[in-house]
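Swiss-Prot lists 240 with the feature active site, nucleophile, giving similarity to another entry as the kind of evidence. What Swiss-Prot lists as active site, cysteine persulfide intermediate is 333, and the listing cites similarity to another entry. Summarising the annotation, Swiss-Prot assigns ATP binding site to 149, 150, 151, 152, 153, 154, 155, 156, 175, 264 and lists similarity to another entry as the type of evidence. The annotation disulfide bond is assigned in Swiss-Prot to 240-333 on the grounds of similarity to another entry. If you look up Swiss-Prot, you'll see 1-130 marked as region 'NifU-like protein'. Taken from Swiss-Prot, the feature region 'tRNA-specific 2-thiouridylase MnmA' covers 143-488. The site 'Interaction with tRNA' annotation in Swiss-Prot covers 265, 465, and the record cites similarity to another entry as its basis.
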């Protein structure tokens, strides 16, 4: 045995702990690849009290992987699932007598990743409860704890830090939403999951990953593609908040007996509950939070609502967080290169068609309606003496209608699928774009949804986008919905 390994490593190699397989396991996880030389596999049995009754491992490859698997299995068995989820790479190396030799540190990383994949498998076996979002409680009977969504960025890291400093029992969770690109650090990509786990362990809190690929594909990605094919302009963040992120965090909180959920959004929760704008108006994210069900909003904490972004970064720097200077992601999380047209085209067939004006005169040709959205000016492929904008997309006839900016003017719209926090009669302002200015409005409920009269014209309103209503002072969100139709 090479002398560079310490006596505890050698002890685990000569006398491995918990080697083998759990029969009928609650969860199974693997990391690495035997074809590449190193692989670790964990199987575990979780009791009704969420304690790890049995933990077994198998490891193939270098001595560091085998010893790390043995040490981790011994550390994890008998702990609560949250206690085991708090074990860090440093804890494994300490159990092995100190840092592993240079070039062998990956042994602890692989072992830890295999265990966490077993946790992930355990939660996935909850199946219907996790994917359906049904039967979620209001958290009233839970402990003073919180499941904090952690994306790998500075906002979610500081969120978890602030909650811990306020005395909450904090459990971090990262959502595996899509496969992503190798090396990508977009929100919830594979590499981000590992980075978020390192950040959580650095804060001394447990970390779990929930595999939500199926749910995210069904409720967000397919809707995204289908909307463009139907001539609408979707907002995937709204769909995720409506059907995925908050439901999944509440699912985990319920299973762990914790009262609250938290995210790094810049918003506040007021009495009612109602959604309120944050301290930092430039970072206001209430526009994408309107679909959160009131029963979930009532148990949600937004710690960053009382801070400005500059203060959040300063807190991260003062506490020595590695994410302090992480750049913000401006792209759709599952399209990190920003090329949504290529993404949609890979998933739906789009036929060529005509570009016409409002009178039906043909001005040019296009390669597919999925390339266009209302308000678009660039990429039309036609020349004109004055600027032209997309004013309508007609998927059935495969026509893209263009016109002057004035033809984008909208004074009425129909909103469907509304979610209300306050009495709709309190709605005095409406915002139709993420960074748009709210304008005065009047609402009237009809058989097909909410008819909205805009007291000031708005340009470029796109079906499929959100209409979010605010109180007269603009401070509180009354509710929101999806724009189904717009009229001049």
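Cβ from N, Cα, C; glycine included.
Location within the structure of each feature annotated in Swiss-Prot.
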| residue | record | contacts (Cβ under 8 Å, 6+ apart) |
| --- | --- | --- |
| 149 | ATP binding site | 156, 172, 173, 174, 175, 245, 249, 261, 262, 263, 264 |
| 155 | ATP binding site | 264, 265, 266, 304, 312 |
| 240 | active site, nucleophile | 177, 216, 219, 220 |
| 465 | site 'Interaction with tRNA' | 233, 234, 235, 432, 433, 482, 483 |
Residue 149 (ATP binding site), DSSP three-state class -> strand
If we take the residues 149, 150, 151, 152, 153, 154, 155, 156, 175, 264 that the record assigns to ATP, their largest CA-CA distance in Å comes out at 16
Cα-Cα, residue 151 (ATP binding site) versus the residue listed as 'active site, cysteine persulfide intermediate', nearest Å, comes out at 10
In DSSP terms, the region 'NifU-like protein' (1-130) comprises 58 helix, 28 strand, 44 coil
Residue 175 (ATP binding site), DSSP three-state class -> strand
In the three-state DSSP scheme, residue 155 (ATP binding site) belongs to helix
Cβ contacts within 10 Å for residue 333 (active site, cysteine persulfide intermediate), all chains included, total 22
Simplified DSSP label at the residue listed as 'active site, nucleophile' comes out helix
